[in-house]
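These features come from TrEMBL:
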- 1-188: domain 'Major facilitator superfamily (MFS) profile' (DOMAIN)
- 26-46: transmembrane segment (TRANSMEM)
- 58-78: transmembrane segment (TRANSMEM)
- 84-107: transmembrane segment (TRANSMEM)
- 119-137: transmembrane segment (TRANSMEM)
- 149-170: transmembrane segment (TRANSMEM)
Amino acid sequence: QHIHKFLNETWTSRYHKELNPDLLTFLWSVIASIFSLGGLCGALIGGSMAIRLGRKGALLMNNVIAILASILMGISFPTGLFELLIAGRFLIGINSGIGICVQPLYIGEVAPKHLRGGMAMGSSIFLTGGILTGQIIGLRELLGGETYWPLLLSSSCFPAFAQLLFLPWFPESPRYLLIDRGDEMSCA
């Protein structure tokens, strides 16, 4: 409802007429569904990114996409550009698609043999935990209110910044180093 209000106000201030309810529904549908299209694109390019940049490099580059998406979604309200909201949702979808493709691959390849299964299953547990966290902070009493919804949408930059800070200290995947780069000395 807050995004509906934002769309109506933006349209009215831009074109000096009310937004048609059918067009409002269409714009809302685009904003809601463009995430899935971005996720599909991200999943399609995630594998080639993991080979070209390495597992760790792909995850680091993916954080740049998440931060850019967060900025676009965060500034959409103050600038009055709902198009930035659409672009940000598309980019965060790409980020999610790449992440869901590359992150379990990286975890499975760097984890010790006896922990590999548990670590790979941890991906789905943390994914579910992230969804739960998003639902909780999206409550009206927290960041789901009328004044804070842009902060809610741009809060995806926090895990991206954390990963940019800590991931460089982690090793590159030995499988990537040996098979994709042919660097036997680095993977030992």
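Here the Cβ of each residue, glycine as well, is placed from N, Cα and C on the backbone.
Nonlocal intrachain contacts for the transmembrane segment (58-78), taken as residues 6+ away from its ends with a CB within less than 8 angstroms of a stretch CB, comprise 6, 46, 49-50, 52, 84-85, 87-92, 94-95, 98-99, 102-103, 106, 149-151, 153-157, 159-161, 163-164, 167-168. Counting residues 6+ beyond its ends, the transmembrane segment (26-46) has Cβ neighbours under 8 Å at 3-4, 7, 19, 58, 82, 85-86, 89-102 in the same chain.
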